[in-house]
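Read the structure below first, then the notes.
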Amino acid sequence: MVGATAKDKAGSVENAISQIQKQFGKGSIMRLGEQALEAIPVISTGALSLDIALGVGGLPKGRMTEIYGPESSGKTTLALHVVAEAQKLGGIAAFIDAEHALDTAYAEKLGVNIDNLLVSQPDFGEQALEIAEILIRSGGVDIIVVDSVAALTPKAEIDGNVGDVHVGLQARLMSQAMRKFAGVLNRSNTVLIFINQIRMKIGVMFGSPETTTGGNALKFYCSERLDIRRIGAIKDGQEITGNRTRVKVVKNKVAPPFKIAEFDIIYGEGISKIGDMFDLAVGLDIIDKSGSWYSYKNERIGQGRENSKQFLMDTPAICHEIEEKVRSAYGLPDREETKREETAQIPDTEKTKDV
(Lines of atoms letter the chains of each structure in order from A and count residues from 1; the text may use other names and numbers.)
(Lines give C-alpha, C1' and ligand atoms only; values in the text may rest on other atoms or scores of the structure.)
Protein backbone atom coordinates (compact mmCIF):
# COMPACT_ATOMS: atom_id res chain seq x y z
CA MET A 1 0.00 0.00 0.00
CA VAL A 2 2.18 2.82 -1.37
CA GLY A 3 1.77 6.19 0.35
CA ALA A 4 -0.66 4.85 2.95
CA THR A 5 -1.03 6.87 6.11
CA ALA A 6 -0.52 5.46 9.60
CA LYS A 7 -4.30 5.54 10.06
CA ASP A 8 -4.84 3.50 6.88
CA LYS A 9 -2.24 0.94 7.99
CA ALA A 10 -3.82 0.62 11.43
CA GLY A 11 -7.22 0.06 9.83
CA SER A 12 -5.81 -2.60 7.49
CA VAL A 13 -4.16 -4.42 10.40
CA GLU A 14 -7.42 -4.37 12.39
CA ASN A 15 -9.28 -5.83 9.40
CA ALA A 16 -6.63 -8.56 9.06
CA ILE A 17 -6.82 -9.37 12.79
CA SER A 18 -10.61 -9.54 12.60
CA GLN A 19 -10.43 -11.90 9.61
CA ILE A 20 -7.86 -14.16 11.32
CA GLN A 21 -9.92 -14.39 14.52
CA LYS A 22 -13.08 -15.10 12.52
CA GLN A 23 -11.36 -17.85 10.53
CA PHE A 24 -9.20 -19.45 13.23
CA GLY A 25 -10.98 -18.49 16.47
CA LYS A 26 -10.51 -15.94 19.23
CA GLY A 27 -6.99 -15.91 20.63
CA SER A 28 -5.37 -17.08 17.40
CA ILE A 29 -3.65 -13.68 17.22
CA MET A 30 -3.30 -10.99 19.88
CA ARG A 31 -1.24 -8.04 21.00
CA LEU A 32 1.22 -8.89 23.76
CA GLY A 33 0.38 -5.67 25.58
CA GLU A 34 -3.23 -6.82 25.98
CA GLN A 35 -2.12 -9.86 27.98
CA ALA A 36 -0.69 -9.65 31.50
CA LEU A 37 2.86 -11.02 31.64
CA GLU A 38 2.95 -14.01 33.97
CA ALA A 39 5.87 -15.78 35.59
CA ILE A 40 6.86 -18.98 33.80
CA PRO A 41 5.36 -21.96 35.71
CA VAL A 42 8.03 -24.51 36.57
CA ILE A 43 8.64 -27.83 38.32
CA SER A 44 11.68 -27.98 40.60
CA THR A 45 14.49 -30.36 39.67
CA GLY A 46 15.01 -31.35 43.30
CA ALA A 47 18.49 -29.77 43.27
CA LEU A 48 18.42 -26.16 44.48
CA SER A 49 21.68 -25.28 42.72
CA LEU A 50 20.27 -26.54 39.40
CA ASP A 51 17.00 -24.63 39.92
CA ILE A 52 19.14 -21.50 40.34
CA ALA A 53 21.26 -22.31 37.27
CA LEU A 54 18.10 -22.70 35.18
CA GLY A 55 17.22 -19.12 36.08
CA VAL A 56 13.49 -19.65 36.66
CA GLY A 57 13.52 -22.12 39.56
CA GLY A 58 13.10 -25.37 37.66
CA LEU A 59 12.02 -26.90 34.35
CA PRO A 60 9.40 -24.74 32.57
CA LYS A 61 5.98 -26.23 31.94
CA GLY A 62 4.68 -26.62 28.41
CA ARG A 63 8.17 -27.20 27.02
CA MET A 64 10.64 -29.95 26.18
CA THR A 65 13.86 -30.63 28.07
CA GLU A 66 16.74 -32.93 27.10
CA ILE A 67 18.98 -34.49 29.75
CA TYR A 68 22.06 -36.15 28.26
CA GLY A 69 25.43 -37.42 29.40
CA PRO A 70 27.69 -40.50 29.63
CA GLU A 71 26.55 -43.78 31.14
CA SER A 72 25.82 -43.80 34.89
CA SER A 73 26.13 -40.02 35.13
CA GLY A 74 22.78 -39.50 36.88
CA LYS A 75 20.41 -38.81 33.97
CA THR A 76 17.55 -41.02 35.14
CA THR A 77 18.16 -40.06 38.78
CA LEU A 78 17.70 -36.37 37.94
CA ALA A 79 14.56 -37.10 35.89
CA LEU A 80 13.05 -39.16 38.72
CA HIS A 81 13.71 -36.31 41.17
CA VAL A 82 11.72 -33.98 38.89
CA VAL A 83 8.91 -36.57 38.84
CA ALA A 84 8.95 -36.70 42.66
CA GLU A 85 8.78 -32.89 42.88
CA ALA A 86 5.81 -32.83 40.48
CA GLN A 87 3.99 -35.46 42.55
CA LYS A 88 4.61 -33.47 45.76
CA LEU A 89 2.60 -30.64 44.16
CA GLY A 90 -0.27 -33.04 43.43
CA GLY A 91 0.69 -33.55 39.79
CA ILE A 92 0.35 -36.67 37.66
CA ALA A 93 3.53 -38.16 36.18
CA ALA A 94 4.19 -40.67 33.41
CA PHE A 95 7.39 -42.61 32.69
CA ILE A 96 7.84 -44.09 29.22
CA ASP A 97 10.47 -46.76 29.82
CA ALA A 98 11.77 -47.50 26.33
CA GLU A 99 14.91 -49.08 27.82
CA HIS A 100 12.79 -51.44 29.98
CA ALA A 101 15.16 -50.70 32.87
CA LEU A 102 13.17 -48.68 35.41
CA ASP A 103 14.14 -49.63 38.98
CA THR A 104 10.94 -49.00 40.94
CA ALA A 105 12.59 -49.65 44.32
CA TYR A 106 15.21 -46.97 43.58
CA ALA A 107 12.55 -44.58 42.28
CA GLU A 108 10.63 -44.99 45.53
CA LYS A 109 13.77 -44.16 47.55
CA LEU A 110 14.05 -40.90 45.58
CA GLY A 111 10.55 -39.91 46.69
CA VAL A 112 8.55 -41.07 43.67
CA ASN A 113 5.04 -42.29 44.50
CA ILE A 114 5.19 -45.42 42.36
CA ASP A 115 1.55 -46.32 43.11
CA ASN A 116 0.42 -43.23 41.18
CA LEU A 117 3.16 -43.25 38.54
CA LEU A 118 1.96 -44.07 35.01
CA VAL A 119 4.47 -46.44 33.40
CA SER A 120 4.64 -47.65 29.80
CA GLN A 121 7.17 -50.05 28.29
CA PRO A 122 6.59 -49.72 24.53
CA ASP A 123 7.77 -52.26 21.97
CA PHE A 124 9.09 -49.74 19.41
CA GLY A 125 9.72 -46.02 18.93
CA GLU A 126 6.51 -45.07 17.12
CA GLN A 127 4.43 -46.63 19.90
CA ALA A 128 6.36 -44.73 22.60
CA LEU A 129 5.91 -41.37 20.89
CA GLU A 130 2.21 -42.00 20.17
CA ILE A 131 1.65 -42.83 23.85
CA ALA A 132 3.43 -39.61 24.81
CA GLU A 133 1.26 -37.60 22.40
CA ILE A 134 -1.99 -39.09 23.76
CA LEU A 135 -0.92 -38.29 27.33
CA ILE A 136 0.01 -34.72 26.38
CA ARG A 137 -3.28 -34.14 24.55
CA SER A 138 -5.22 -35.39 27.59
CA GLY A 139 -4.20 -32.21 29.40
CA GLY A 140 -4.09 -34.07 32.71
CA VAL A 141 -0.45 -35.17 32.90
CA ASP A 142 2.04 -32.73 34.44
CA ILE A 143 5.28 -34.44 33.48
CA ILE A 144 6.32 -37.16 31.03
CA VAL A 145 9.78 -38.75 31.00
CA VAL A 146 11.00 -40.66 27.94
CA ASP A 147 13.94 -42.93 28.84
CA SER A 148 15.66 -42.87 26.44
CA VAL A 149 15.84 -41.44 22.92
CA ALA A 150 18.48 -44.00 21.95
CA ALA A 151 16.02 -46.80 22.81
CA LEU A 152 13.26 -45.41 20.55
CA THR A 153 13.91 -48.00 17.87
CA PRO A 154 11.76 -47.59 14.71
CA LYS A 155 9.44 -50.51 13.95
CA ALA A 156 11.05 -51.09 10.56
CA GLU A 157 14.40 -51.66 12.27
CA ILE A 158 12.91 -54.12 14.77
CA ASP A 159 11.10 -56.06 12.03
CA GLY A 160 14.23 -56.16 9.83
CA ASN A 161 17.37 -58.25 10.14
CA VAL A 162 20.36 -57.36 12.32
CA GLY A 163 22.59 -56.37 9.38
CA ASP A 164 20.01 -54.19 7.59
CA VAL A 165 20.91 -50.53 7.07
CA HIS A 166 18.29 -47.91 8.00
CA VAL A 167 19.80 -44.52 7.25
CA GLY A 168 18.28 -41.64 9.23
CA LEU A 169 15.19 -43.60 10.23
CA GLN A 170 15.25 -42.63 13.90
CA ALA A 171 16.11 -39.00 13.08
CA ARG A 172 13.07 -38.74 10.77
CA LEU A 173 10.88 -40.32 13.45
CA MET A 174 12.04 -37.80 16.06
CA SER A 175 11.71 -34.88 13.65
CA GLN A 176 8.08 -35.74 12.92
CA ALA A 177 7.30 -36.22 16.62
CA MET A 178 8.87 -32.87 17.58
CA ARG A 179 6.67 -31.01 15.09
CA LYS A 180 3.57 -32.62 16.59
CA PHE A 181 4.60 -32.12 20.23
CA ALA A 182 5.59 -28.45 19.99
CA GLY A 183 2.07 -27.06 19.69
CA VAL A 184 0.17 -29.39 22.02
CA LEU A 185 2.75 -29.16 24.83
CA ASN A 186 2.19 -25.44 25.32
CA ARG A 187 -1.58 -25.86 25.56
CA SER A 188 -1.37 -28.78 28.01
CA ASN A 189 1.32 -27.22 30.27
CA THR A 190 3.13 -30.57 30.39
CA VAL A 191 6.86 -30.91 31.07
CA LEU A 192 8.31 -33.40 28.57
CA ILE A 193 11.77 -34.75 29.44
CA PHE A 194 13.84 -36.74 26.97
CA ILE A 195 16.80 -38.66 28.41
CA ASN A 196 19.51 -39.12 25.81
CA GLN A 197 22.83 -40.88 25.41
CA ILE A 198 26.15 -39.74 23.97
CA ARG A 199 27.81 -41.11 20.83
CA MET A 200 31.18 -40.31 19.24
CA LYS A 201 31.47 -38.85 15.75
CA ILE A 202 34.16 -40.61 13.72
CA GLY A 203 36.91 -38.58 12.08
CA VAL A 204 36.41 -35.32 13.98
CA MET A 205 39.73 -33.47 14.13
CA PHE A 206 38.60 -30.20 15.72
CA GLY A 207 35.96 -29.54 18.34
CA SER A 208 34.14 -32.08 20.47
CA PRO A 209 33.53 -35.48 18.85
CA GLU A 210 30.52 -36.05 21.11
CA THR A 211 26.97 -35.96 19.80
CA THR A 212 23.55 -37.15 20.95
CA THR A 213 21.29 -39.71 19.28
CA GLY A 214 18.06 -39.00 17.42
CA GLY A 215 19.20 -36.32 14.98
CA ASN A 216 19.11 -32.54 15.28
CA ALA A 217 15.36 -31.92 15.67
CA LEU A 218 15.37 -32.57 19.42
CA LYS A 219 18.18 -30.04 19.91
CA PHE A 220 16.17 -27.35 18.13
CA TYR A 221 12.81 -27.98 19.80
CA CYS A 222 14.03 -28.36 23.40
CA SER A 223 13.86 -25.24 25.56
CA GLU A 224 16.50 -26.67 27.91
CA ARG A 225 19.39 -29.03 27.31
CA LEU A 226 21.24 -30.30 30.38
CA ASP A 227 24.66 -31.93 30.12
CA ILE A 228 25.22 -34.06 33.25
CA ARG A 229 28.62 -35.54 34.17
CA ARG A 230 30.39 -37.26 37.06
CA ILE A 231 33.35 -35.17 38.18
CA GLY A 232 34.50 -37.09 41.25
CA ALA A 233 33.82 -39.84 43.75
CA ILE A 234 32.43 -39.37 47.26
CA LYS A 235 34.15 -41.66 49.76
CA ASP A 236 33.45 -42.81 53.28
CA GLY A 237 36.88 -44.13 54.19
CA GLN A 238 37.80 -46.46 51.34
CA GLU A 239 34.20 -47.07 50.28
CA ILE A 240 32.75 -45.01 47.41
CA THR A 241 29.27 -43.87 48.48
CA GLY A 242 28.34 -41.53 45.64
CA ASN A 243 29.38 -39.16 42.89
CA ARG A 244 30.07 -35.45 42.72
CA THR A 245 28.00 -34.36 39.73
CA ARG A 246 28.14 -31.33 37.47
CA VAL A 247 25.24 -30.17 35.28
CA LYS A 248 25.79 -27.57 32.58
CA VAL A 249 22.78 -25.80 31.08
CA VAL A 250 23.98 -25.84 27.46
CA LYS A 251 20.73 -24.40 26.10
CA ASN A 252 18.11 -22.26 27.81
CA LYS A 253 15.28 -20.41 26.08
CA VAL A 254 13.82 -18.87 29.25
CA ALA A 255 16.98 -17.55 30.96
CA PRO A 256 20.69 -17.02 30.22
CA PRO A 257 22.37 -20.35 29.31
CA PHE A 258 25.73 -21.92 30.19
CA LYS A 259 25.21 -21.79 33.96
CA ILE A 260 26.71 -24.68 35.94
CA ALA A 261 25.42 -26.51 39.02
CA GLU A 262 27.31 -29.02 41.15
CA PHE A 263 25.83 -31.38 43.73
CA ASP A 264 26.27 -34.83 45.28
CA ILE A 265 24.39 -37.93 44.18
CA ILE A 266 24.50 -40.56 46.94
CA TYR A 267 24.06 -44.21 45.95
CA GLY A 268 20.64 -45.48 46.99
CA GLU A 269 19.47 -42.01 48.06
CA GLY A 270 19.77 -39.74 45.03
CA ILE A 271 20.59 -36.03 45.10
CA SER A 272 21.85 -34.80 48.48
CA LYS A 273 19.47 -31.86 48.88
CA ILE A 274 20.85 -30.80 52.25
CA GLY A 275 24.43 -30.99 50.98
CA ASP A 276 23.47 -28.91 47.93
CA MET A 277 21.73 -26.28 50.04
CA PHE A 278 24.63 -26.28 52.55
CA ASP A 279 27.19 -25.51 49.81
CA LEU A 280 25.05 -22.63 48.52
CA ALA A 281 24.61 -21.23 52.04
CA VAL A 282 28.38 -21.31 52.62
CA GLY A 283 28.95 -19.55 49.30
CA LEU A 284 26.52 -16.79 50.33
CA ASP A 285 28.06 -16.50 53.84
CA ILE A 286 24.72 -17.46 55.39
CA ILE A 287 26.74 -20.22 57.04
CA ASP A 288 30.16 -18.98 58.15
CA LYS A 289 33.30 -21.06 57.79
CA SER A 290 36.29 -20.65 60.07
CA GLY A 291 38.97 -23.25 59.53
CA SER A 292 37.20 -26.61 59.62
CA TRP A 293 34.28 -25.29 61.71
CA TYR A 294 30.94 -24.06 60.36
CA SER A 295 28.69 -21.60 62.22
CA TYR A 296 25.17 -20.25 61.81
CA LYS A 297 24.14 -17.09 63.67
CA ASN A 298 27.47 -17.15 65.53
CA GLU A 299 26.79 -20.66 66.86
CA ARG A 300 28.89 -23.60 65.75
CA ILE A 301 26.91 -26.30 63.94
CA GLY A 302 29.70 -28.77 63.22
CA GLN A 303 33.32 -29.49 62.42
CA GLY A 304 33.68 -30.45 58.79
CA ARG A 305 31.09 -30.57 56.03
CA GLU A 306 29.64 -33.99 56.87
CA ASN A 307 29.12 -33.20 60.57
CA SER A 308 27.49 -29.88 59.67
CA LYS A 309 25.18 -31.63 57.20
CA GLN A 310 24.21 -34.12 59.90
CA PHE A 311 23.34 -31.23 62.24
CA LEU A 312 20.99 -29.79 59.60
CA MET A 313 19.38 -33.21 59.10
CA ASP A 314 18.74 -33.43 62.84
CA THR A 315 17.30 -29.88 63.06
CA PRO A 316 14.73 -29.49 60.24
CA ALA A 317 13.56 -26.06 61.46
CA ILE A 318 17.04 -24.52 61.12
CA CYS A 319 17.56 -26.34 57.82
CA HIS A 320 14.31 -24.88 56.44
CA GLU A 321 15.23 -21.41 57.69
CA ILE A 322 18.61 -21.53 55.92
CA GLU A 323 17.04 -22.87 52.72
CA GLU A 324 14.53 -20.00 52.59
CA LYS A 325 17.37 -17.50 53.02
CA VAL A 326 19.23 -19.11 50.11
CA ARG A 327 16.10 -19.10 47.93
CA SER A 328 15.43 -15.47 48.81
CA ALA A 329 19.02 -14.49 47.97
CA TYR A 330 18.61 -15.93 44.47
CA GLY A 331 15.08 -14.58 43.97
CA LEU A 332 13.32 -17.95 44.09
CA PRO A 333 9.86 -18.21 45.70
CA ASP A 334 9.22 -19.88 49.05
CA ARG A 335 8.66 -23.64 48.60
CA GLU A 336 5.45 -23.67 50.67
CA GLU A 337 4.09 -20.71 48.72
CA THR A 338 4.84 -22.46 45.43
CA LYS A 339 3.13 -25.64 46.66
CA ARG A 340 -0.01 -23.72 47.67
CA GLU A 341 -0.18 -21.97 44.29
CA GLU A 342 0.29 -25.18 42.31
CA THR A 343 -2.19 -27.29 44.24
CA ALA A 344 -4.80 -24.53 44.07
CA GLN A 345 -4.73 -24.40 40.27
CA ILE A 346 -6.35 -27.74 39.35
CA PRO A 347 -8.13 -30.17 41.70
CA ASP A 348 -6.60 -33.64 41.81
CA THR A 349 -9.97 -35.25 41.07
CA GLU A 350 -10.30 -33.23 37.87
CA LYS A 351 -6.81 -34.24 36.72
CA THR A 352 -7.50 -37.91 37.36
CA LYS A 353 -10.73 -37.64 35.43
CA ASP A 354 -8.97 -36.09 32.41
CA VAL A 355 -6.37 -38.84 32.26
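The backbone N, Cα and C atoms fix where each Cβ goes, glycine too.
The Cβ of Lys75 (ATP binding site) has 22 neighbouring Cβ atoms from other residues within 10 Å, across all protein chains displayed. Feature annotation from Swiss-Prot assigns ATP binding site to Gly69, Pro70, Glu71, Ser72, Ser73, Gly74, Lys75, Thr76.
According to Swiss-Prot, the feature region 'Disordered' maps to 329-355.
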For Thr76 (ATP binding site): intrachain residues, at least 6 apart, with Cβ closer than 8 Å: Asp147, Ile195
Three-class DSSP secondary structure - Pro70 (ATP binding site): coil
DSSP-derived structure type at Thr76 (ATP binding site), helix or strand or else coil: helix
Cβ neighbour count (within 10 Å, all chains shown) around Gly69 (ATP binding site): 24
Additional residues around ATP, ordered along the sequence, whose Cβ is within 8 Å of the centroid of Gly69, Pro70, Glu71, Ser72, Ser73, Gly74, Lys75, Thr76: Ile228, Arg230
